[in-house]
Each structure stands twice: as structure tokens, then as C-alpha cells.
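Report on the following structure.
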Amino acid sequence: MVPEYSRFYNILGYNFKDYTLLIRALTHRSKTKKNYERLEFLGDSVLSFVIAEVLYKQFTDLAEGKLSQLRSKLVKGTTLAQLASSLKMDEYIILGASEQGGNKREKILEDVFEAVIGAIYLDSDFATVKKVILKWYQPIISSINLDTIKVKDSKSKLQEILLQNALSLPEYSIETIDGKDHEQQFTVVAVSKDLNLRVKAQGTSRKKAEQKTAEKMIEMLSQQGLHEKK
């Protein structure tokens, strides 16, 4: 065990055999080309599968659509960033000079969380990384109450409203991308041809901008008397 990481290993609940994998998982691209991006890609897939499996087994009466919506909520950026902070990952992130202070940024925390999962998977095996992930997620999963939780994201809700009213789905497109690589601002436009609506919103990622655009369109549809049918 590398002394300076012994505390971090205890927090994670996992001891790396190859600590260079952990270093890579914590290293932002502003520091070096040998950064966490590939591990992030791997960790994203591992996390998605583990969460999908546990939801499938725990909520046996939940339909596929609801399972997908609940999984999306559990693996969204805000959730991952909060988990990363609770595991003190922000204290160990390695940044270049141009990114100093970025260890508290949600997108970086989200990426590092997924990268660490990818690193644990490569350092061990699927059974081990699954056990670690479920330990991290246990408080969240055990507190899920399907009677009170809103699992439907705005794009899914908008889709249901339109389909229930025999209307075509909106088309999303990026209008502009402003700012530096690590501080990009996406402007997304959603167009509903059947309703002759054009809605625009901004976000720090394409996904967030699309969700905000969908929220705006739902509000406009509500004003026209179109609501989701229960």
C-alpha cells in the first residue's frame, strides 16, 4: 500500500494492487495525456450494468420504462458528484495548472467517480467492483420509495405527453457551444413540428441542455392544456 493513499483506500473500501490505475483514474487531462478519460468510459458501462441489475432484482414489479428512468436518476451527474464528494475523491484529484480549483466542479467529480470504478474493475474483477459499488450506493438504494420519488426525467415525460396526444416527438439539435473545453455552455433547440413550437435552453452539457429544453416545452404544453395522462 502506498502510504499517502492508505486513508483513501479505507474510505473507498478497496485496496489497489496496482496503484498506478488509481493515479490514472484521478488525473485530469489538463495534467497529462495519461488521464482518466478511457477509465471513465469503462467505469460508466460497469456502473450502468451494476445499477441496472440491482434495480431489476429489487423492484420485481417495476416495468422496463420505470426501471430505465430510475437507473437514469441513480447514475446522473449530480448523484455521481455527490457520491464522489462523500468518498473524498475531490481531495485526491490531480489537476493541471489551468484547472486549479476544479476538483469541486460537478463534471470533474462525476468523471472521476466513473474512472475510479473502471480502475477498480481492471485491478480486480467484476464481482469485486460490483460489491464496492453496491456498498457506496447502499444508502441511496435502501431509501428509494417508489410512492414518493419522481423517477421520470423531463425528456421522458415530454415524450409521453406527446405520444399520448398522437403528436410526433421533438427534434433536438445543438445551436451553439460556447466557452473553453472545461467550461462549455451548450445551447440546445427542440422543435415540435406538429405544434409549431421551437424552444431553446442552455446547460453545461448537451444532456442537461436537452432536459432543460424539455422542461420548457412541458410548461408551454401545460399552458395549452396538454398534460401527462395518469
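Each position is counted from 1, following the chain as shown.
In case you wondered, yes, glycine gets a Cβ from its N, Cα and C as well.
What Swiss-Prot records for D44 (among others) is active site, and it gives sequence analysis as the kind of evidence. On its own chain, D44 (active site) has E114, G118 as residues at least 6 apart in sequence with a Cβ closer than 8 Å to its own Cβ.
Annotated active site per Swiss-Prot: E114 (among others), in sequence order, evidence recorded as sequence analysis. Reduced to three states, the DSSP call for E114 (active site) is helix.
For D111 (Mg(2+) binding site), the number of other Cβ atoms no farther than 10 Å from its own Cβ, over all displayed protein chains, is 27. Among the features that Swiss-Prot reports, Mg(2+) binding site is placed at E40, D111, E114.
The domain 'RNase III' annotation in Swiss-Prot covers 5-125 and rests on sequence analysis.
For 153-223, the entry in Swiss-Prot reads domain 'DRBM', with the evidence type sequence analysis. Per DSSP, the secondary structure of the domain 'DRBM' (153-223) breaks down as 32 helix, 23 strand, 16 coil.
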Beyond the listed site residues E40, D111, E114, identify every same-chain residue whose Cβ lies within 8 Å of the center of their Cβ atoms for the Mg(2+) site.
Y36, E37, L39, F41, G43, D44, E110, V112, F113, A115, G118
Can you count helix, strand and coil residues in the domain 'RNase III' (5-125) using DSSP?
86 helix, 2 strand, 33 coil
Excluding near sequence neighbours, so keeping only residues 6 or more apart in the same chain, what lies with its CB under 8 A of E40 (Mg(2+) binding site)?
D111, V112, E114, A115, G118
Using a 10 Å radius around its CB, how many other CB atoms surround E114 (active site)?
25
